[in-house]
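Only one structure is covered here, and it is reproduced in the block below.
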Amino acid sequence: MSGNTFGKLFTVTTAGESHGPALVAIVDGCPPGLELDLQDLQRDLDRRKPGTSRHTTQRQEADEVEILSGVFEGKTTGASIGLLIRNTDQKSKDYSAIKDLFRPAHADYTYHHKYGIRDYRGGGRSSARETAMRVAAGAIAKKYLATQGIVIRGYMSQLGPIQIPFKTWDSVEDNAFFCPDPDKVPELEAYMDQLRRDQDSVGAKITVVAEGVMPGLGEPIFDRLDAELAHALMNINAVKGVEIGAGFDCVAQRGTEHRDEMTPLGFLSNQAGGILGGISSGQPIIAHLALKPTSSITTPGRSIDTDGNAADVITKGRHDPCVGIRATPIAEAMMAIVLLDHLLRHRGQNADVSVNTPVLGQL
């Protein structure tokens, strides 16, 4: 299996399966001298880990990360950073009844046809369990970006049919949904409780924002910053769509509304989401991602077995009724990995470039 490494200068390689002994990652390209300890990584892992509320999977994983290499006396050395998270709460017997069946809308069928063999226990390599390593690696990127004045944060902007207007960052970490409107939390909880009673699942929309990004990141033509972000975010399990800035809403906009006019005091809008011509503009970079409802539900669904016979599939085990609830830290991590990669690439080629034009802020 190829495709396990992401990035060009700052790279992340992951390995491991949902019900294997452990997950591992190798992070290459982190600049030396960055102060880094376990808590820097564990903080974001705790935000993503399962079993933290009744609205997520009840699989109990501590997700305690170990740093195996690349850090000495509390600072990165420039060497590869090895990371490990041990799996401790696998219940593989939950999947024995479907080992010869294909769960509809899962990777079972496509993995079977591509590789001729698949780990049916919790989805194996296709499980979102793998994203724990991305969050750990992304925490390293976030730590370095913070030294450059770049802050990356995310929140849930829609759960099923419930639109969630942004009110304040202050409430995002105070609830299980990463909801920026505290008044919406009771409605979200009631919706999820009913969803569980219905033995069903639902999708979600996540918004992730990077502030403090300098102008100039991005490599046209084929490594545009928005294209790389879309690539990274689409690589998150269950993501079916990505928007940058106004996204698909730009179809209904006129040029007079969509263009981000400039004055000596700053930009008058940010419909472009902080990226123009594939290059960061210095405005906040804003991306939205849509996650599908998982098909791992106990309501029977029609499918086939490995011999092509018709079958009804009921997925037992412990699953998230809305995978978007835990997706915010993953989206933050992938944006951080992309931005650090492009920061290092920009530094390598364009570090000596300077212009007299002032950097505009957002009015």
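Yeah, the Cβs are placed from backbone N, Cα and C, and that goes for glycine too.
Note that the structure is a prediction, hence the values are computed from the model and not measured.
These come from Swiss-Prot:
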- Arg48, Arg54: NADP(+) binding site (BINDING)
- Arg125, Ser126, Ser127, Asn237, Ala238, Gly277, Lys292, Pro293, Thr294, Ser295, Ser296, Arg318: FMN binding site (BINDING)
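What Swiss-Prot annotates, mapped onto the structure for a quick look.
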residue : record               : DSSP class
Arg48   : NADP(+) binding site : helix
Arg125  : FMN binding site     : helix
Ala238  : FMN binding site     : coil
Lys292  : FMN binding site     : coil
Query: Per residue, counting other C-beta atoms within 10 angstroms of the C-beta, which of the binding-site residues Arg48, Arg125, Lys292 reaches the highest number?
result: Arg48
Binding-site residues (Ser127, Thr294), the one with most neighbouring Cβ atoms at 10 Å: Thr294
Task: Looking only at C-alpha atoms, tell me how far Arg125 (FMN binding site) is from Arg48 (NADP(+) binding site), rounded to the nearest Å.
output: 18
- request: Around the Cβ of Ala238 (FMN binding site), how many other Cβ atoms lie within 10 Å? Please give the count over every shown protein chain.
  value: 20
Field: Rounded to the nearest Å - Cα separation of Lys292 (FMN binding site) and Arg48 (NADP(+) binding site)
entry: 18
